[in-house]
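J.: After the structure tokens below, expect a handful of questions from me.
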Amino acid sequence: MIEHFISDPHNVKFVESIFNKKLFSSISTDYPLVIISDSHVAEKILPPVLGFIDSLGYRVILLTFPPGEKNKTWEIFISLQNQLVDHGVSLGATIMGIGGGIVLDMAGFLASTYCRGIQLFLIPTTMTAMIDASIGGKNGINLRGLKNRLGTFYPPKDVWVCPEFLTTLSKQEWCYGISESIKHGCVADAYIWEFLHSYGDTLFSSRTILNEFIKRNCQIKAVIAAKDPKDKNLRKILNFGHTIAHALETLSEGHIPHGLAVSVGMMIEIKISLESGIMKNPSLVEQLYNLSNNFNLPTTLEELRDLIPQHFLHRFYHPENIITTLGYDKKNLSNKALRMVMIEHLGRVAPCSGSYCATPKMGILYEVLKSECDAVRNN
């Protein structure tokens with residue numbers, strides 16, 4: 001089964017199996033097919049996939065890099081670019097990213113910059129990558145530890161979403177992606193919020209429910225990205241929870257997984273929305289807490305403590321460190337005017353005169369963060 005269910009801002013197909021030669025019909029066998037992945041995916045998932053692609057007559061070039069956020073760097077990027085040159089890859093080639101969000105970010109940035117742009121296909125293998133990272137054409141790498149400081153907008157020619165890959169993941173890894181879905185519910189689609197409340201763990205055991213869930217989330221992301229492909233206004237609502245999350249990831253030097261950082265980031269940012277008077281319904285904070293807890297997602301910085309190396313822990317003792325790191329967020333117009341997404345009510349972000357980002361009062365930001373940091377320092 002191949003279901004072409006999204007065409008804007010780019011094609012997305014929902015497939016039962018990657019082992020279908022019809023999927024590859026638009027990729028010429030006259031030029032190399034370059035697979036970008038990480039070493040973990042290459043070992044656990046790729047062998048049968050590579051065997052199938054090879055049987056179709058492609059000259060396959062596999063380029064991998066070590067897994068993890070700490071390896072989404074300029075140095076790895078340049079190394080991969082050099083390997084493309086060493087293999088004689090030219091404009092007619094296709095780059096295919098197979099993996100989670102980090103792999104897809106790297107593959108997209110490589111494809112957009114090599115020869116000023118070569119054909120790109122994406123095959124996400126994690127929940128986060130399926131419902132978020134693979135949709136919309138954003139890519140990027142970190143620079144000096146700062147999240148996605150370098151990147152482009154480069155839509156793939158096609159994305160193939162195959163839920164079968166999720167069987168290779170632990171339940172915890174599935175839940176990393178659930179945080180992005182909760183975000184979709186908060187900023188744009190209250191139906192997703194109700195869906196998660198209603199089905200809960202059934203999501204992990206029913207393929208029918210899972211398929212509906214994945215498609216709905218992909219469609220939400222696609223609709224928003226199509227309306228604002230270059231992330232100038234409306235698309236910024238998808239950064240809810242990510243302003244704080246990226247600061248936490250930076251300070252931990254990649255040791256806090258993105259999905260867990262986003263979960264905590266959403267709780268902190270929704271509290272800031274409430275304290276700022278933008279969100280009027282305090283019960284939404286409790287609802288977010290309960291929904292996150294249903295999927296074993298953290299809601300406080302203290303819950304992330306065990307993931308942070310001991311020699312980095314002091315960075316989370318004082319709110320000033322987080323606030324300083326927030327100054328480097330790419331949404332900011334300057335490092336003195338911090339901006340983040342504020343929730344007005346469930347399914348709606350405060351429009352803020354069309355920017356969809358607000359600058360919280362420093363006193364409110366400080367006090368909310370201080371409460372989080374005090375818990376880390378004192379426990």
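Glycine residues also receive a Cβ, built from the backbone N, Cα and C atoms like all the rest.
Not my notes, these are from Swiss-Prot:
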type: BINDING; residues: 67-72, 101-105, 125-126, Lys138, Lys147; note: NAD(+) binding site
type: BINDING; residues: Glu180, His242, His258; note: Zn(2+) binding site
J.: Given the binding-site residues Glu180, His242, His258, find the one whose Cα is closest in space to the Cα of Pro67 (NAD(+) binding site).
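T.: Sorting the binding-site residues by distance from Pro67 (NAD(+) binding site), the top entry is His258.
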J.: Where the distance is taken from Cα to Cα, which of the binding-site residues Gly101, Val103, Thr126 turns out closest to His242 (Zn(2+) binding site)?
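T.: Comparing Cα positions, the candidate nearest His242 (Zn(2+) binding site) turns out to be Gly101.
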J.: Which one, from the binding-site residues Asn71, Lys147, has the smallest tally of other C-beta atoms lying within 10 Å of its C-beta?
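T.: Taking Asn71, Lys147 as the binding-site residues, the minimal 10 Å Cβ count falls on Asn71.
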J.: Just to be sure I understand the packing, how many Cβ atoms besides its own are within 10 Å of the Cβ of Glu69 (NAD(+) binding site)?
T.: 22
J.: Determine which residues of the same chain, besides Glu180, His242, His258, have their CB within 8 A of the center of the CB atoms at the recorded Zn(2+) site, and list them by sequence.
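T.: Apart from Glu180, His242, His258, the close residues are Thr128, Asp132, Ser179, Lys183, Gly241, Ala245, Gly259, Ala261, Val262, Gly265.
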J.: Roughly how many Å separate the Cα of Glu180 (Zn(2+) binding site) from that of Gly101 (NAD(+) binding site), to the nearest whole number?
T.: 12
J.: So what sits near Thr126 (NAD(+) binding site) in its own chain, CB-to-CB under 8 Å and at least six residues off in sequence?
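T.: Within the chain, Thr126 (NAD(+) binding site) has Cβ neighbours under 8 Å at Gly99, Gly100, Gly101, Phe165, Leu166, Leu169, Glu173, Tyr176, Gly177.
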J.: Going by a 10 angstroms cut-off between Cβ atoms, which of the binding-site residues Pro67, Gly101 has the sparsest surroundings?
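T.: Counting other Cβ atoms within 10 Å of each of the binding-site residues Pro67, Gly101 gives the minimum at Pro67.
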J.: Measure from the CA atom of His258 (Zn(2+) binding site) to the CA atom of Glu69 (NAD(+) binding site) and give the result in Å, rounded to a whole number.
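T.: That comes out at 8 Å between the alpha carbons.
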J.: Tell me, by DSSP, whether Thr126 (NAD(+) binding site) is helix, strand or coil?
T.: coil
J.: Please state whether DSSP places Pro67 (NAD(+) binding site) in a helix, a strand or coil.
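T.: The three-state answer is coil.
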J.: Roughly how many angstrom lie between the C-alpha atoms of Asn71 (NAD(+) binding site) and His258 (Zn(2+) binding site)?
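T.: So the alpha carbons of Asn71 (NAD(+) binding site) and His258 (Zn(2+) binding site) sit roughly 14 Å from each other.
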J.: Sorry to bug you, but what's the C-alpha spacing from His258 (Zn(2+) binding site) to Lys147 (NAD(+) binding site), rounded to the closest Å?
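T.: Cα of Lys147 (NAD(+) binding site) to Cα of His258 (Zn(2+) binding site) measures 11 Å after rounding.
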J.: Using a 10 Å radius around its CB, how many other CB atoms surround Glu180 (Zn(2+) binding site)?
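T.: The answer is 26 other Cβ atoms.
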